[in-house]
Amino acid sequence: MRGVSRDTVCERAVRRGRALDSVPGAMDTEEGTSLVEEQEGVRGWRAALTRRLPVLCWARRYTRATAAADAVAGVTLGLMLVPQSIAYAALANLPAQYGLYSAFIGTILYVALGTVKEVSIGPTSLMALLTLQTCRGLPADFVVLLTFLSGGFVLLMGLLQLGFLVELISPSVTSGFTSATAVIITVAQLKGLLGLSFMAESVAENVALIATRWRDIRLPDCLLSLLCCATLLLLRKLKDVNVGPKRRKLKKALWLVSIGRNALVVLAAATFAYCTHDPARPLLRLSGRVEAGLPRLRLPPLSAELGNRTLGFAEMVRELGAGVLLLPLVMVLANIAIAKAFSEGGRVDAAQEMVTLGLCNLAGGLVRAMPTCGAFTRSAVAHSSGVRTPAAGLYAGVVTLLALQFLAQYFHFIPKACISSVLVCAVIFMVDWQTALRLWRHDRRELAVVALTFGVGVWRSVELAVLCGALAGLAATHFALQRAPLHLHKVKCSWGEAVRARPTRALLYLNCARFAERVERAAAAHHAALLDCGVLAMLDYTAAQALAKMIKNFKENNKLLIFYNASTDVIKKLEKVEGMETRALRAHSIQAALDAVAPGLAPGPGPALGPGPALGPGPTPGPARAPEAAALLARDDGGV
C-alpha cells in the first residue's frame, strides 16, 4: 500500500460499493455513472478506514457547486424535520425536545458514516409508536435507555454481519404491521383533533373513550384540525400542478411550498395561537413547555424511580420487555429498505448502514434522544431537492440546533390539534392497499399473513403483530414446501414405459416422505422411474435418507430408478446417497441418462421416446435444460 495514493484508495473503496451513489455534476464526470461498483485488490487498514468513514472518499472532491446543492437540500430537509420531530415526540408521549435531540444527532453523524446520500436519520412515526408501546407508563429515562440499548444491538448486528436476521420479517409482514401502525396512530390522534384529553392503550379503548366523551369535544380545536388537515392535503398536491415547461421558477416555488407544508402550517397555527392566547381562558389546547438550549452529554440512566421503587439496570431492561429486541430489527429493516430504494441500482453496504445506525442511536442515548432510523418521506424530499452527498445532513442538523437554541420558547404555542393534523396527514398514506390487492390476485396465502399481522397489530400490539406475522410467514413457507407440486408423466420407450418425475425447488424433511410415496406409487405399474433434477436446488440429510430407502425399494422390486439432469451442487449431495447410480446425474436428457446407465435398454434409431399423458398436476415439461439454466428455474419468482 506504500505506493498507492490516498485518492486511489478512496476511488477503489468507492468502486467496492461502500460509499456513495453518483449524482450528475457531483462526484462523477459522466451522467448516471454509479460509484457503487466492485472493489478489487484493495486491502489493509486504509481500505477498512475508507469503508467505515465514507466521508474520506468524497470530501476531497467536494466542490462549491456540490456544497450549494447540499445546502439547499439540507435546509429544506431541516424545515421538514423540525415540525416532524415535535410531532413524533408528542406521539411517543415525550416533551418536544426529545424529538429535536433525535433529529440533530442522527443527521450530523450520518454525514461522516453514511453511505447513501438521501438517508436522513431521525425520529419516525413507526419508531415513535414502538417507543410509546414499549415505554407506556414509564418515565422518560426508560426511553433514553431504550435508545442506547437499541443502538448497541444494531451496532453489534453490523459488526457481526447479522443483517440476514431482518429477512425473517417478510414483505407481507412488513406491509401488515406498517398498515396497522398507520391505523393505530390515526385513531390515537383523534383525541388531539377533537380537543379531548385522556390516556388510552389500544384502538378499542380510544374509540370507546371518544364515544363516551363526545360532549367534551372542543369546537375551536375541531375547526383548527379541519383547516390544518385540508391545508396539508392541498399543499401536498401543489407540487404536482402542471404549470407548463417554461415556468420553471413558478414550478420550483410551488414545489418548495409543498415540501415545507408542515413548517408553514405549524408556523401559521402557532402564530394564531400566540396572538389569541389568553392564560385565563385558553382558546386552544397548546403543547407543553420545551427546554431550550443544547443537551448535555451524559451516560444513559442505569437506574430509575418508578412509583415508590428504585429500579436497577436489569429491572429497567425487564420493564422494557420485548421492545429491546424488536426495535433494533425494525430499525434495520426500515433503514436497509430505504438505502436499497435510493441506491439507484447500486449495491448497499448493509453492514456499514447498520454500524452507522447503531452509532447514531448510541450517541442519541448520550443526549437523551428517542430511537431513530431513516424515513422514506425525508429521503424522498432529499432526493427531490437535488442532494449531492450526505453533507446535506449537516445543514439539516444546524437548522434543528438553531430551532432548539432560539425558537424553543415559542414551541409552547403550537396547538395540539395542529400536531395531530401533521401526524394524521403523514401516516394515512402508509396504509398499503396496493400490496393487499396484488396478493388477492396472486397469492392469498400471503394475504392471510398480511391480514393476521394487521389484525393483531391493531387490536393487540405491533410487537406481537411482528412476532405472529413472522411465525405465520414461516408456517406458510413450510406448507408451500411440504405441498410443492410434483410433475409426473409417462415416457414411452422401445422396451416399455417409464415414469418421469420432476421434483420442484427443494427436497427437505418437510416433503421428502410425500415425494417418495408418490413416486413409488406412480412407478408401481412401470419398468422404471426417471427423476429429472433440473430444478432441484436443495437437498437435506433427511431427504437423502428417504432417497436411499427409495433406491433400496426399487432394487428389491427389480426396477430402475435413474436420477439425471442435476446441477453441480445437487450432484455433490446425491453422490453421497447410499446406493445412488451416479453415471446419469450429469445427463441432460432421458436418452443420455439411459445410455449412461443401461445402454442395452436405450431405444434404437428413430423417435423412440415420446411423452405420454400426465400422471400428476402441473404442465408437461419442455425440453431438457442444462444445469445452469435449470438452476434459474428453481428460483421462486412468484407474482409478488
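Cβ atoms here come from the backbone N, Cα and C positions, even for glycine.
Remember, predicted model here, so these are calculated numbers, not experimental data.
Residues or ranges marked as transmembrane segment in TrEMBL: 71-91, 142-165, 177-197, 255-274, 320-342, 354-371, 391-411, 418-437. Residues or ranges marked as domain 'STAS' in TrEMBL: 507-597. For 604-624, the entry in TrEMBL reads compositional bias 'Pro residues'. Here TrEMBL flags 604-627 as region 'Disordered'.
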* Structure fact -> Best-packed against the transmembrane segment (255-274), counting Cβ pairs under 8 Å over 142-165, 177-197, 320-342, 354-371, 391-411, is stretch 391-411
* **Any contact, the transmembrane segment (354-371) to the transmembrane segment (142-165), with at least 3 Cβ pairs under 8 A** => yes
* Asked: Top stretch among 71-91, 142-165, 177-197, 320-342, 391-411 for CB pairs under 8 A with the transmembrane segment (418-437)?
  -> 177-197
* To do: Go through 71-91, 142-165, 177-197, 320-342 and flag the stretch with the largest number of C-beta pairs under 8 Å relative to the transmembrane segment (391-411).
  => 71-91
* Which sequence positions outside the transmembrane segment (320-342), separated from its termini by at least 6 residues, show Cβ-Cβ distances below 8 Å to it? -> 21, 115-119, 121, 124, 126-127, 130-131, 133-135, 138, 142, 145-146, 149-150, 153-154, 157, 163, 165-166, 169, 174, 348, 350, 353-354, 357, 361, 371-376, 379, 383, 463, 466-467
* Under the DSSP assignment, what numbers of helix, strand and coil residues are found in the domain 'STAS' (507-597)? -> 42 helix, 15 strand, 34 coil
